[in-house]
C-alpha cells in the first residue's frame with residue numbers, strides 16, 4: 001500500500017453555469033458562509049480551500065472510513081465558471097486532478113455547462129456531476145445534511161419519480177455529449193461511467209456522497225499522479241497576481257509538487273524575461289479558510305504540496321497568472337529560467353501574418369481561447385497575456401480585412417489611450433469573461449460582414465433574369481419597344497442588356513412600370529411593362545419570346561464562384577440555364 005505521507009492533496013476544481021450553485025456547494029463542504037458576503041451570490045474572486053481528511057470523514061459520519069483513504073484531504077479551487085481550471089495549467093495540461101460539474105437539476109444544461117464538459121474532455125480530467133437544487137423539486141421534504149440514499153428513502157413515491165425523471169434528463173444530455181453516465185450509487189465502474197450525485201447545496205443533502213465519490217476517484221485513479229517528493233524543489237502555478245496593502249505585488253499560487261520555503265530563490269513566468277526573486281514571506285491560509293480572506297493568513301516558514309499559498313517577494317509586478325513558478329538553486333537557476341521562458345513562449349503566438357489578435361488575463365485562458373478559435377479555423381496573428389494597449393489598437397488598425405481587424409479580449413481591460421484611438425478607428429473589439437460568448441460574438445460578426453459584403457456585391461452586380469413577352473401586350477413597336485412581360489426567374493433591372501435564347505443581344509431595358517409607376521427592378525412572378533431600347537417588335541423580338549438578362553462575363557464569374565449559395569433557387573436555375581446558353585459556343589466562358 002502507498003505510504004500516506006507520499007500522497008499530496010488532490011486539487012479539485014468546481015465548474016458549471018452561473019447561479020447553478022458552485023459557491024453554495026463549496027460553502028456547505030467548508031461549513032462557512034462566504035456566499036452571503038458576495039454580490040448576487042455569484043463567486044467573484046479566485047480562492048483555494050484545503051479541506052482536511054478528518055473534516056471529510058466527519059461529514060461522512062463513519063469513522064471506520066478513516067483508514068480506507070490515503071489522501072490527506074481535498075484542495076478546492078473556486079472561481080467564476082471554469083476560469084480557474086484553464087488558469088491552473090501545467091505545460092499545456094490541466095493542473096486540477098479532479099473536477100465537479102454543478103448542474104441545476106431543474107434548469108438542466110446551460111452554455112457554460114457544455115463548455116465545462118468540453119474542457120474536461122479535452123484534458124481527460126476525471127470528474128463527478130452534481131445535480132443540484134433537489135430541494136426545489138415539487139413536494140421535496142428536506143433532511144438537512146443527510147446522505148442522498150437516506151433522504152431519498154424519506155420522500156414520497158411521486159417525488160422520487162419526479163427526481164428520477166429530472167435526473168435522467170441530465171444523464172441523457174451527458175450521453176449526448178459523449179459521456180456514459182448513471183446515478184452514482186448505480187455505477188459499477190467509475191472508469192467507464194460518470195457518476196451523477198443528486199444534492200442540495202442549500203440543505204446539505206447529498207454532500208457526504210459528493211465527498212465520498214471524490215475521495216474514491218482520487219484513491220482509484222489518481223494514486224500515481226498524487227505521489228510526490230516532499231523534499232523536492234517546489235513547483236506551482238500562479239493563480240492570481242494581487243496588490244496587497246503593505247506588501248505590494250503578491251502572488252496567490254497553487255503548489256502542486258515539492259516544498260517551498262521562505263528565503264527560496266524562485267523563477268516566475270512573465271511577458272519578458274522570467275522573474276528571479278527571493279521569497280520574503282509565505283502566507284498560508286489556515287485550514288477551512290479561503291485564500292481571498294487576507295485576515296485569516298498565517299505566516300509560515302515552508303509549505304508542501306498541494307497547497308494554496310500567498311507569496312510576498314520583490315519584483316513580482318510583471319508575473320503572469322497561469323505561469324509556472326519554480327524553486328531554483330544557484331547551480332540550476334539559468335536552466336530553470338530557460339525552461340520557464342520556453343513554456344511561456346509555447347503559448348504566445350506572434351506570427352506577424354494574417355489573422356485576429358487575442359488578449360487574455362492568464363496563460364491558461366489564452367491557451368483555451370486560441371484552442372477554440374483554431375478549432376473554428378480562425379487565423380490568429382497574435383495572442384498574448386495582458387490588457388488591450390494603444391500599441392495593440394494601432395497594430396490592429398493596420399489590417400485592411402475587416403474580418404481580421406479585430407481584437408478579442410478575455411477578462412482584460414482596454415487602456416484609456418487605446419479606447420480613445422479605437423473610437424476613431426474601424427477596429428472591432430470584443431471583450432467578455434466567457435470564452436464561448438467571444439467565439440459566438442466573433443462568428444456573428446463574421447456572418448454580418450459577409451452579408452454586408454454580399455449585399456454590396458449584389459448592389460453592383462448584374463444578376464440573372466429571365467422573362468417572357470406576353471401575348472397581346474405590345475404597347476409600342478420600337479424606339480423603344482414597350483411590351484408587357486412576366487418575370488420567369490431571377491430579377492430584371494433597368495439599364496441591363498437582354499438577349500434571346502440563341503445568344504443574340506437585342507437591346508437594353510430602359511424602363512419598367514408597374515400599375516403606372518416607374519420601378520427599378522422586378523422579381524420572379526411579377527408582370528410589368530418593359531421598355532426595350534434597340535429592339536423592334538416583329539423584327540428582333542416578338543410575342544411569346546423568352547429573353548434573358550445578358551450578364552457580363554466578369555459578373556457571371558462572381559455569381560457562379562463567389563456568391564452562388566446566396567442566390568435564391570430561381571436565380572440559381574436562371575443562372576444555370578444562362579451559363580449553358582453562353583457555353584454552347586465557348587465552353588470556357590466565365591470559367
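Placement of Cβ uses the backbone N, Cα and C atoms for every residue, glycine included.
As recorded in Swiss-Prot:
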BINDING   16-23, 78-82, 132-135  GTP binding site
DOMAIN    7-223  domain 'tr-type G'
REGION    16-23  region 'G1'
REGION    41-45  region 'G2'
REGION    78-81  region 'G3'
REGION    132-135  region 'G4'
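Overlay of Swiss-Prot feature records on the structure.
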residue : record           : DSSP class
16      : GTP binding site : strand
22      : GTP binding site : helix
134     : GTP binding site : helix
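With a threshold of 8 Å between CB atoms, the same-chain residues lying at least 6 positions outside the region 'G4' (132-135) that come near it are 20-21, 24-25, 102-106, 142, 163, 198-203, 205-206.
Around residue 134 (GTP binding site), a 10 Å sphere centred on its CB holds 27 further CB atoms from the protein chains shown. Within 10 Å of the C-beta of residue 16 (GTP binding site) there are 27 other C-beta atoms, taking all protein chains into account. Within the model, the region 'G2' (41-45) shows a mean pLDDT value of 28, rounded to a whole number. Summarising the environment of residue 22 (GTP binding site), the number of other Cβ atoms within 10 Å of its Cβ, over all protein chains shown, is 28.
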